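Report on the following structure.
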2 protein chains.
Amino acid sequence: MKLVKTVAEMQELGRLWRAEGKKVGLVPTMGYLHEGHLTLAKEAVANNDLTVMSVFVNPIQFGANEDLDVYPRDLAGDIAKAESVGVDYVFAPEARDMYPKGFAASINLTGVTETLCGQSRPGHFQGVCVVITKLFNLVQPANAYFGQKDGQQLAVLKKLAKDFNMPVKINGVPIVREADGLAKSSRNVYLDEECRRQALVLSQSLAVAKRLYDGGERDAEVIKAAVRAHIETAPLADIEYIEIVDALTMQPVARPEQQVMLALAVRFKTTRLIDNILLGEEV
Amino acid sequence: MKLVKTVAEMQELGRLWRAEGKKVGLVPTMGYLHEGHLTLAKEAVANNDLTVMSVFVNPIQFGANEDLDVYPRDLAGDIAKAESVGVDYVFAPEARDMYPKGFAASINLTGVTETLCGQSRPGHFQGVCVVITKLFNLVQPANAYFGQKDGQQLAVLKKLAKDFNMPVKINGVPIVREADGLAKSSRNVYLDEECRRQALVLSQSLAVAKRLYDGGERDAEVIKAAVRAHIETAPLADIEYIEIVDALTMQPVARPEQQVMLALAVRFKTTRLIDNILLGEEV
């Protein structure tokens, strides 16, 4: 496994692989890898000639009052984990190399970025779109892999690739959970013991929603109310949103017909957790 | 020569060329080709394995009160001209194929888009950035060619490629002029006989500026005043701007040290003409 630390070196490798006709898989991450990231990496390794994992805590996708400064980092550990699943290159650039003085570009996608986390984290998906566009141009992957855990991010990036005709397939990979159901997240390390215990209501509430949906319930308000009622059994849970949206457009749906995503964001003390479940078949 | 009419077909060709390791040159145009476009095409043909010319009047780079509806078009003539200089593919998509229902993407570049034409044509360069990004992703060129005639556009696209790490070299090609000095432009057909005659003051005024600069004058206000005085000898000339800007950032410069661009936009009746000259050596 090789560590690539500069944008220039990454761009040169991308050009080389392209000239050689290599099919490249890219797994963009912010590091502090867990089993969810490694599942993405395994998918990439199994389906491409070579796999690049980027490890970059992207400053422009964090808001002013968010956790950029304390976001957990462990590059040495990440490299070891990436190597263990067959990743060929880890790309870990410096922020000033990705965003040099005078950097002036931004991307906006109306609609899909405006609901859910886009509403509570203004500028977040704009920052995600910029960094992913840069990574795609540098690495020139045929495939890129993202977790369904960040369900809106996945929808945003599918729309980004579609609207800009990017020559890359966006692959979504199912959520990986702890044994007790909590969705794996680098931010889970922030949870104290009591929060960790109470956070189980999130995955449980998604199971409640699925039971209702599978039983034929199609009134979004009824499903959301049941989810809310379950989450509110946890005294520390501070609900930011519970929403049922179209799986592609991320727009609220009152009566699900096509595939929808039930998505939620809930704070436990200072830690903001998100989770979601897809309901219905993919279109 | 082959005509490509759909986005899907273009994307498939781009993938194929990439897999074959072909070095592709792209010449984006809005059609109604003149000698300026053909000079770009010849550059591309001479320096790449194959050359694609796009012919697309991009609706999103026109303002509400601009000349989108009357912009001159002649696809059959364009194809013949492109073929005559060795272009391999003409890509002429429909607007609804480039911007299907639900298209939601936009790009912004601060600074470089905000002066000169960016000030008088709000949204113009945003539209240029989107269409060029799409064309790059579809065609996957190693080289793209743009005229120095649209000097700010060239600077904007160099910045776009740099900030997004696009794997393409942006090549600027010198302005091609009529025998009497008028810069070639598809919009010259709008000029009546009297306007056509008076429009000569533009290239003449640039020569005035160059004489001053070469004689050692470095006060931008003095140079601009001389240019203005010369243009004002044409009674039909309605000056929109005369500006001296840094050749890379497009920001006004009071005392040129590095290379600058003297740029101007002037209306003759309903026809808006632009022209420019580079002063000093490239950095």
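The backbone N, Cα and C atoms fix where each Cβ goes, and this holds for glycine too.
Here is what TrEMBL says about this protein:
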type: BINDING; residues: B:30-37, B:147-150, B:Val176, B:184-187; note: ATP binding site
type: ACT_SITE; residues: B:His37; note: active site, proton donor
type: BINDING; residues: B:Gln61; note: beta-alanine binding site
type: BINDING; residues: B:Gln61, B:Gln153; note: (R)-pantoate binding site
Exercise. Going by C-alpha distance, which of the recorded positions B:His37, B:Gln61, B:Gln153 is nearest to B:Val176 (ATP binding site)?
Worked result: B:His37
Problem set entry | By Cα-Cα distance, the member of recorded positions B:His37, B:Gln61, B:Gln153 nearest B:Ser186 (ATP binding site) | B:His37
Exercise. In sequence order, which same-chain residues at least six apart have a C-beta under 8 angstroms from B:Gly36 (ATP binding site)?
Worked result: B:Gly147, B:Lys149, B:Ile175, B:Val176, B:Ala183, B:Lys184, B:Ser185
Exercise. If you measure from the Cα of the residue listed as 'active site, proton donor', which of the binding-site residues B:Gln61, B:Gln148, B:Gln153 is the nearest?
Worked result: B:Gln148
For this session: Could you state the whole-number distance in Å separating the C-alpha atoms of B:Gln148 (ATP binding site) and the residue listed as 'beta-alanine binding site'?
Result: 18
Seminar exercise, completed: Within the same chain, the residues at least 6 apart in sequence whose Cβ is under 8 angstroms from that of B:Met30 (ATP binding site) are B:Val55, B:Phe56, B:Val57, B:Asn58, B:Tyr71, B:Ser186
Seminar exercise, completed: In chain order, residues whose C-beta lies under 8 angstroms from the C-beta of B:Gln61 (beta-alanine binding site), counting only those at least six residues away in the same chain, are B:Gly123, B:His124, B:Phe125, B:Gln126, B:Gly127, B:Val128, B:Val131
Problem set entry | Site of maximum Cβ density within 10 Å, from binding-site residues B:Leu33, B:Val176 | B:Leu33
Exercise. Between B:Leu33 (ATP binding site) and B:Gln153 ((R)-pantoate binding site), what is the CA-CA distance rounded to a whole number of Å?
Worked result: 18
Problem set entry | Cβ packing number for B:Gln153 ((R)-pantoate binding site), 10 Å threshold | 23
